[in-house]
Every structure is written in C-alpha cells, then in structure tokens.
There are 2 protein chains.
Amino acid sequence: MLSEFELIARYFTRPMAAGSRTALGVGDDCALLTPSTGMHLAISSDMLVEGRHFFAGADPFMLGHKCLAVNLSDLAAMGAQPIAFTLALALPEARAEWLEPFARGMLELADRHGCELIGGDTTKGPLTISITVFGEVPLHHALRRSAAKNGDDIWISGSLGDARLALAGYRDELKLDEAQQNLAAQRMHQPTPRVELGQALRDIARAAIDISDGLAGDLGHILQQSGVGATLDVDALPPGPALQQQPSELQRCFTLSGGDDYEICFTASPKQRAAIEAAALACHTPVTRIGSIESQPGLRLQDAAGQPLDLALTSFDHFTS
Amino acid sequence: MLSEFELIARYFTRPMAAGSRTALGVGDDCALLTPSTGMHLAISSDMLVEGRHFFAGADPFMLGHKCLAVNLSDLAAMGAQPIAFTLALALPEARAEWLEPFARGMLELADRHGCELIGGDTTKGPLTISITVFGEVPLHHALRRSAAKNGDDIWISGSLGDARLALAGYRDELKLDEAQQNLAAQRMHQPTPRVELGQALRDIARAAIDISDGLAGDLGHILQQSGVGATLDVDALPPGPALQQQPSELQRCFTLSGGDDYEICFTASPKQRAAIEAAALACHTPVTRIGSIESQPGLRLQDAAGQPLDLALTSFDHFTS
C-alpha cells in the first residue's frame, strides 16, 4: 500500500514547467501563484462523486480527463485562459493500477491547455474528485451570465445530447446497438472543453454559460440574470453524431435538456455573426445559431416552421432528481 | 426538499462586502478575483470526509467552523492573509436543520478573517467537504518549508495534543471523565487557525508548517525540504489544558505525534527571540521554543535533563493507518 505522500510524489508531482506562473507548487502548505497585472483571476470548483456523476468502476483514464474537462468548461464560458488547478481526491484505496491512468488522463488534458497542477489533498473515503481551476481574463472582458440583451442571437458550440443518449443506453431506457452506444459514450466520457472558443468570443459575445445541466435550464440562468426572455428554434439545435440517428422527438428532448454536454451557449449582437463564424473556424469548433433573446421574460420554443412547441422543460438538479 | 439552486441561494449567497476583492461571486460559471499587485496568491485545498476526518452525526455548526479553520491554518503557515474561499459540498440530502448551522459556523469564522465565500459546487453524495482557500502574501515573503537553517530555534504556537486526547476518549482507548472529555473535545472540534501570528512572523521566522498530522511528522517535512536535522526538547512541548492533567508519558506521546492540532511550527534565528515573543504577545497567541535545527539529518528527541529519548515516531497517514 502506498502512503499518502508516496502517492502524491509518484503520480502528481512534476517538474515545474518553463514559464510557469507558480512560484511554488505541490509540497508546501499552500501553492503560490503569481497573477498577471491587469487580469482577473477566474475561479471555479466542481465536485464529481462516484455513482452520481460517473459509474462505479469507470475507466480511470477517461475519468481523469472528464473531471478536469468539466472545470475547464467553466473557464471557457467566462472567456478565461486556464493557468492552474488544485485536486482534492478521496479514494477508497491507493492503487497504482487506478492512479496511474487517472493522473495521466487528467494531466494530458492539463498539458494541452497549459494548466498546471499546483496543489491539493488526498484522503481515504468514497471516491470523490474535487477540482478548483484558475484562469485569467483581462479586467472587464469576462463573459457573464447577466450580459444578454434584447435582440441578441443565441448560439451553441459543438453538438448536444449524445451524453444523455449514452446514459439512456446504460440505464436501459433505450435499446442502442453497440456501435451507437460507443459513439454516444465518447461524448459522455470525453467531453471537449471549448477553451479556445471561449477566449475568442471575449470581445464578440455578450453573455455565456457552459451547458452541464441541460440547455434549457442553463440558458434559463442567462435569461434570469439578464432580465430577458428567449425563443429557441428547437429543430436548429445540433444533435451529436449518435443522437442524429434517433427519432426527431428524442433529438428535441435530449438536445434541449439532456445535460452533461459541456458546450458553450452564448449570446451576441446580430452584427457579430461574421465575427463569430470566423472565430469558430479559427478554433475548429462548430457553432450554431439557435434562437433570439427577447424582452418578454420566459423561454419559448418553436419548431422549424416557426410553430410553438410545448416540451416539458426539465433541467437536471442534483437534489430533486 | 430544497433544490440545489435554492439551497445555494438560501445559505451560501450573501451580499458582497464593502471593499471586496471579488468582482463576481457565487452565481456565474466562475468567480472573479482581483489580485493585488506585488502579491503572491497562496492557495490551499483540504477535503474532509465523514467517518474519516469527523464522526458521522458531528455537530454541523462546529463542523462548518472546523472545515474552514483547517484551510485557514494552511494560509497561516505561509504568512498569508485570507481573502476568499470556494466550497464544494457533497451531501446525502439537503436539510435546512443541517445546512443552516453548518453555513453559520463556516461563515462566522470566514467573517472574522475577512475571507469571502466566492463560489463552489453542491451535489448529492456521501458527506464530503472540499474547500479551496485563497490568501495574499507579499512577493518573496512567504514562509516556506524549505527555509530552515542550521542553528535556528524551533517554535510552536499554542498547545498540542488535546485533539488526540479527545479522540482517545471517543475511541475508549482511555477513560476520561465528562469534564476532561469536553475540555479536550473543544480543541478537536474548534481549532483556532493562527492567521494573525502567521502574518506577524513573515519577516521574523524562516520555515513554517501547520501541524495537522502530528508535530514529529510535520516537522519532518521542514527538515527534509530544508536539508537539515533537529533535536526536540520533548518536555518543553506545550500540552493542551486537558492533556496537562494526564500522565507525562501520554503528554509526550500526544504532543509529539497526536495530530489535528492546527498549530504553527516554525524556525527562526536565535537573534529573533525578542521579536517573536513580541509578535506572539501582539497576536494574543502563546509560543514556545521547543528545540533547535542542526546540520545532522534526522530528528532527535531529548528530555528536560538533556537525555536522549527513543519514542516511536508516528505521523498520521491516511493510507497506512
């Protein structure tokens, strides 16, 4: 059995990168970060619990990736550039066969975004992964939930609903063949945080939020905090590659309120359409225009023909579902 | 049943304080913090798990205090001034009877140190509390584990061993009467982070560490990272008010390796003795000189008469004990 200190040393301590922002990393009472002048520090925490956010026995490499990805997604939705993160980890036991791939999955994604592991905590307990991530965004340029304006376009990055489809397959709510299940599962286990797009949107978009609990519910936070309403073109919502093969009613439902998507929903003036398309192209991240911000409060849904739709809107909530 | 969002709103969202460093707090994808020029940001994460760090059914007010206190103790050991924290909380259920006193215990301590709750996460799961705390320390003035020098005095704040004594009572390792148990338990449940002292020691002390896993083990980190050794005067170690009433052998054992103390162990040049006494007095925090740093590696123990002692040194380790 590895001790706590051996475990930290073996899998989570790495040589400090050249050009590092950290004056002191893993191995003291605190890490020391040197923030850049003229920048806000954007900070987000997400906790993932076995049996709640991922299945018992989940692949540790993919889990390591996902835990950091969902945190990077929060930075992306603010337009912040990732710089560092801390990891607090409760583990039933310290097994190298689990820790090695878990650390690798997490640190590979971290390296891709120049995001250093600067500290944390490990303890015995039910498998729980709690990450706090730090990013930088120029003063007054962060994308906030409260900035949407009447007349704004509503956009979404990437595609929606495949993670929810995979979950339906695992839960036997739907019968999926193996190829479909695997295709859908990829988006569930390996979400791509839209870090580059978020930064590219800084001076183009107005409000933004990352989609973790379902588009309808998360867009609702923008509407509420901006004091506006919206109409969504439900048939414009981009289904993921696996969900595209399903009936249109299921596509509508899972794109609208599936959850676990980690795409960015943002609003921008219609004058910015060309700039947004260019930014998306430069970031190799597709974006789709899916509706409009309106002054009338509430969220309205319409189909491709402009006819009103009445879908039961449900956003995932950890304490009522 | 409260929803996740109602829960956050009711217990953890507060009006932003005057003079706040946060440009944006709870309720967006990220919190935004505005660091001060010329300062390092000191960051520490601690995770507390029910049944491991605290008993099932622990008093929620005291638990809220303790969870933040152990994090503030890490800032204190770096000489950093607390500014903000995030809270990730897994809960079996959202009960107001538990959440209200938990939030109160945590936020009362936070207010005492001007430390704002700026974000976090709540989810269903086995009771787990993960806090990341942020402080500021002037560039190059942080107290580090690696800074001890041959000839330094070794000091400890406050007193040691009462938390370990309380644990021994709860576990029936020892028979304590109710008054003794309650006295000891106070230090276990309501540790006082030495925040003011840590800042006062910035330009006086050299190395520092907070004592969470037992003095001998934690001092060992200073020795290892500074490339030095030490001799400790075991009979100079200050026992807590409850432990003082116990036999001297138990006092030696629990002060040396009890754990859960959250005092600061620090080293300083003998020339700084008067300055340290003055800082301690100004902070209303007693300090005791307990040994010396030496060039010979390893930790040596001696009694009041200067005779070598051979105590089994054990530091608490979450994965081997």
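The backbone N, Cα and C atoms fix where each Cβ goes, glycine too.
Because TrEMBL annotations are produced automatically, they should be read as predictions rather than curated entries.
Annotation comment: TrEMBL describes B:27-137 as domain 'PurM-like N-terminal'.
What TrEMBL lists as Mg(2+) 3 binding site is B:D29, B:D74, B:D210. In the three-state DSSP assignment, the secondary structure recorded for B:D74 (Mg(2+) 3 binding site) is helix. Of all Cβ atoms in the protein chains displayed, 28 besides its own lie within 10 Å of the Cβ of B:D74 (Mg(2+) 3 binding site).
The number of other CB atoms found within 10 A of the CB of B:S44 (Mg(2+) 4 binding site), across every protein chain shown, is 28. For B:D29, B:S44, B:D74, the entry in TrEMBL reads Mg(2+) 4 binding site.
What TrEMBL lists as Mg(2+) 2 binding site is B:D46, B:D74.
According to TrEMBL, the feature substrate binding site maps to B:H53, B:D260, B:F316. Counted within 10 Å of its Cβ, the other Cβ atoms near B:H53 (substrate binding site) come to 22, all protein chains included.
Annotation note: B:S212 (ATP binding site) sits in a coil segment as assigned by DSSP. Cβ neighbour count for B:S212 (ATP binding site): 22 (other Cβ atoms within 10 Å of its Cβ, all protein chains included). Positions annotated as ATP binding site by TrEMBL: B:G120, B:D121, B:R145, B:S212.
The domain 'PurM-like C-terminal' annotation in TrEMBL covers B:150-302.
The Mg(2+) 5 binding site annotation in TrEMBL covers B:D213.
Non-local contacts of B:D121 (ATP binding site) by the CB criterion (under 8 A, 6+ apart in sequence, same chain) comprise B:L87, B:A88, B:L89. Looking only at Cα atoms, B:D29 (Mg(2+) 3 binding site) sits nearest to B:G120 among the binding-site residues B:S44, B:D46, B:G120, B:S212. Cα proximity to B:D74 (Mg(2+) 3 binding site) (within 10 Å) is found for the following binding-site residues from B:S44, B:D46, B:G120: B:S44, B:D46. Rounded to the nearest whole angstrom, the C-alpha distance between B:H53 (substrate binding site) and B:D210 (Mg(2+) 3 binding site) is 17. Those binding-site residues from the list B:D29, B:G120, B:D121, B:S212, B:D213 that have a Cβ under 8 Å from chain A Cβ atoms: B:D29, B:G120, B:D121. When Cβ atoms from all protein chains are considered, those within 10 Å of B:D260 (substrate binding site) total 23, not counting its own.
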